[in-house]
Amino acid sequence: MNDDAFLRITDLSVGYGATRVLERLRLSIARGEFVALLGASGCGKTTLLRAIAGFVTPSAGAIAVAGRDVTRLPPDRRGMALVFQSYALWPHMSVAKNIGYGLKLKGLPRAAIERRVGEIEALLGLSGLGGRKPGALSGGQRQRVALGRALAVDPQILLLDEPLSNLDARIRLKVRHEIRALQQRLGITAVHVTHDREEAMAMADRVVVMEAGRIAQAGTPEEIYNRPASAFVAAFMGAENMLALNGTVRGEHIHIAAGPHYGAAEVPLDGRALASGALEARFRAEAVQLQAHDAPPATEGLALSGHVEAVSYLGGAWRHSVRIGQTPVFADAEHSLAPRTAVRLTIPAEKLFLFNTPSPSGAAAPADDTHPTATRATRPDRVREAAIS
Amino acid sequence: MTRPASSVFRRSGLTLDLWWIPRALILGLLAFVIFGPLTNLLLWTVAERWYFPHALPIDYGFSYWARVFAPRGNAMESLGNSLLVASLTVLVSLTLAIPAGYALARLQLPCRAVILIAFLIPQAFPNLPVYVNVARLFYQIGLNGTVPGVVLVHVTHGLVYAVWIATAAFAAIDRELEQAARSIGAGALRAFRDVTLPLAAPGLLASAIFVFLESLDEFTGSYFVGAPDVNMLPLLLYSAGAGGNYQIASISALLLLVPSIGFMLVVERFLKSDVLSKVGQ
């Protein structure tokens, strides 16, 4: 927790009735930072955003902006602007009226409002559309009007609630970069909610992965992608392949014992708090080197042997479904291998994510307070009911 | 409609003709049931003399119209009373229905369904005993025979339309539209005035029209509470009809019919399906 936090969320809990949606959540966001809240539906990311905006009343905890406690303030007095997933444009007002409404509220003279609305329209490529009603706009234009309406009031914090999810895929890629560029140009602090990991990584300075009302991991896109703090984060960030292994910690390395379908391997701990015992290994399909079983190994790492079951072309690479013993995994290769081919999969040590398998007693995870969320996230007893997203 | 129409192409034209006989009969009967009495009413308004066994009036003319609209004729007074009471009823009903409807649509009220049903209670009991008792009560507190007394009776009667439709109108507005205004700096009242109210206006207008029409047509309450000091158009219609003065009765009926039809057209235009689907929910 850095002390120059602009938006500081302390021990925030939110519950609807008996359901706890957020549980003692802490998050600090610096001025000018773009933070993406990433998670599956029901993880509480939208609830967190709405709590920041002031539409959800927390049962405990505090939200402060620039040192000022805003927890009990109504939404209109928080100096934030929320862009809704549905855009929530007012159908009875023209585009210019929609964008200028916040300025009218501030009591600006009409000429100043018109000038600012013109600037915003030019900034977002909406020039000439000011007289139209939202109903006469395309999805992408509506999205920009919603963004313009929020930007017009010059908010301290811009809140974005899945603003791209109603756009079609190609426009989404374009708007993603537009919003990011705009945010950097204007230097606005932004909190963006999304369930799309690529979108989160492309837009944000910092990605906050949420799981069941808690933060599973917060870090730069690179950290989240390459050093996931828990099996959940690894899986969410695309490391869907899972293997159960056994390992012993020896100094700075963990030694993985050879099994029926895999060879022994030495993996550097690299600062990870792993204990000897049952391990859950996770890796991405594209991290694997796939070869025929008799080819000479090209890289160091954990070697698995199995049979190809199915192949499909993804564009750029062939995705093979490979059965390792009883476990199916996916592996990508530039060339396809026929089904039933015996193959060897090599996973380089730096691309193999290892986690201690939670034991039934829930005591396997080391009690380490510096990474509280990482350990909590792996405990099955902490997994709570999916809440309203 | 498409099925018999498409069968025309496959089968002979005879099948079509046979199909149309019962249909034409039913449609004709329906038209007669709806428009027969109306035609009769229209004829009576311009009939100078009309008696049995003549199928149509013997003499036509507008002398009864002149009598109804004469400066000292009580029809104009009744029309004025009716319009005044109906307008005041709309005003009072909407003043109550807008906050009530908003609360019922937006807030997590306990027993919401019970509250909505409660507004139906004035309609649920037989009018006659209720209004006789209301009249007795109003007589004691000096409200009997006054315009406010009649307005009060009409408001209890019309509130169910006002509140139900207003609730539906507010419920049909996406809450995020209000939240969008709140999030960029509008206070709760300001957001209501600038966003919610304009968007609910068509539904509220429709509810106002329903209340207006209900008040215009209301008879029992007007009779027991208003008469003989406050005379309303339906009372005039009743006494004219009971006295065998069909011309006067028809002309006042026509006067009642004109706003009804006008408002029906407005309702049809403004009451959208998204509001209608939420009535009573």
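Yeah, the Cβs are placed from backbone N, Cα and C, and that goes for glycine too.
From a predicted model like this one, the values you see are computed outputs, not experimental measurements.
Going by TrEMBL, these are the annotated features:
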- B:20-43: transmembrane segment (TRANSMEM)
- B:79-267: domain 'ABC transmembrane type-1' (DOMAIN)
- B:82-104: transmembrane segment (TRANSMEM)
- B:111-131: transmembrane segment (TRANSMEM)
- B:151-173: transmembrane segment (TRANSMEM)
- B:194-213: transmembrane segment (TRANSMEM)
- B:246-267: transmembrane segment (TRANSMEM)
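For the transmembrane segment (B:194-213), the list of distant contacts is 86-87, 89-90, 93-94, 97-98, 102, 154, 158-159, 161-162, 164-166, 168-170, 172-173, 177-178, 180-181, 186, 259-260, 263, 266-267, 270-272, 275: same-chain residues at least six beyond its ends, Cβ to Cβ under 8 Å. Only sequence-distant pairs (6 or more apart) were considered; of these, fewer than three Cβ pairs between the transmembrane segment (B:82-104) and the transmembrane segment (B:246-267) are under 8 A, so the stretches are not in contact.
For the transmembrane segment (B:151-173), the partner stretch with the highest count of Cβ pairs under 8 angstroms, out of B:20-43, B:111-131, B:246-267, is B:111-131. Sequence-distant neighbours of the transmembrane segment (B:246-267) (same chain, 6+ residues past either end, Cβ-Cβ under 8 Å): 41-42, 44-45, 47, 50, 64-65, 67-68, 75, 78-79, 205-206, 209-210, 212-213, 216-217, 233-234, 236-237, 240.
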